[in-house]
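A quick write-up on the structure given underneath.
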Amino acid sequence: MFSIQILFYFFFFILGLVFGSFLNALEWRLHEKKSLNTRSECPKCHKVISWYDNIPVFSFLFLHAKCRHCHKKISWQYPMVELLLAFLFSFVFYYYSFVGYFSWLVIIRDCLAVFVLLFIFIYDTKYLEVSDIMTLGSASILFVFSLFLHVSWLSMVIGAMIGGGFFLLQFVVSKGKWIGGGDIRIGILMGVLLGWKLLLLALWLAYMIGGLISIILVLTKKKKMMTEVAFGTYLSLATFIAMFFGTQILDWYFRLVF
Ligand SMILES: [Zn+2]
């Protein structure tokens with residue numbers, strides 16, 4: 001039993017590395033509007049990358065963070081993202097091994113959700129943009145997935161309406177100045193993933209985290225007040241926390257208050 005458990009962790013770690021590599025490629029391709037069918041290329045010299053130079057983390061180390069052809073630096077973000085997703089996939093497996101209701105379908109859905117959240121996190125931080133295909137596309141897939149898991153469709157629909165509506169309202173009132181249209185789509189995705197109760201918690205968390213980080217950035221003079229913030233970054237982080245720790249946070253909060 002013990003060794004099988006370790007084998008599964010290893011499997012999810014490798015799976016995370018592979019999907020992390022895919023995530024890196026997807027970020028770049030969606031932003032550059034390149035097809036997904038073409039082979040990977042160096043973003044600097046545009047030479048096609050051979051499979052042996054495209055192995056997650058290992059190729060980066062082996063090539064000393066430089067392209068084999070043009071010798072320009074490869075960003076450390078690539079192996080970081082691969083490692084991060086490897087840990088996140090392992091975490092999902094760990095979480096459901098201990099939470100008391102183990103189901104492969106739930107694990108697959110949550111690995112997919114974590115992949116999408118990490119994608120939004122990086123994309124919004126890097127480009128100050130939100131990809132419609134990733135938000136609305138994954139919201140639809142995750143909705144159908146959750147139906148198979150007997151998640152209440154009503155809770156998801158109400159969640160999507162509150163999440164989308166919350167940002168739509170701000171968008172209309174401020175004529176698009178406070179938030180971008182992308183946040184409306186993230187709100188819909190959050191509602192589908194969390195249901196309305198945890199969605200409210202996630203929104204609160206996002207504002208708390210966002211506020212805290214803004215204060216730190218202003219105090220350390222990294223940013224001026226009112227500079228554009230990538231709110232999708234905070235929303236995806238808050239959604240992750242609410243997904244896996246939301247119920248405990250709410251329990252703890254209500255025990256404290258009542
Ligand atoms: Zn190159």
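Any Cβ shown, glycine's included, is placed from N, Cα and C.
Annotation source TrEMBL lists domain 'Prepilin peptidase A24 N-terminal' at 14-95. Per TrEMBL, the feature domain 'Prepilin type IV endopeptidase peptidase' maps to 111-215. The transmembrane segment annotation in TrEMBL covers 6-26, 76-96, 102-123, 130-148, 194-219, 231-254.
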For the transmembrane segment (6-26), sequence-distant contacts whose Cβ falls under 8 Å of one of its Cβ atoms, 6 or more beyond its ends: 36, 40, 54, 56-57, 77-78, 81-90, 92-94, 111, 115, 118-119, 122
Residues of the parent chain within Cβ reach of the transmembrane segment (194-219), under 8 Å, 6 or more residues beyond its termini: 151-152, 155-156, 158-159, 162-163, 166, 225, 229, 231, 234-235, 237-239, 241-243, 246-247, 249-250
The domain 'Prepilin peptidase A24 N-terminal' (14-95) [mean pLDDT, rounded to integer]: 93
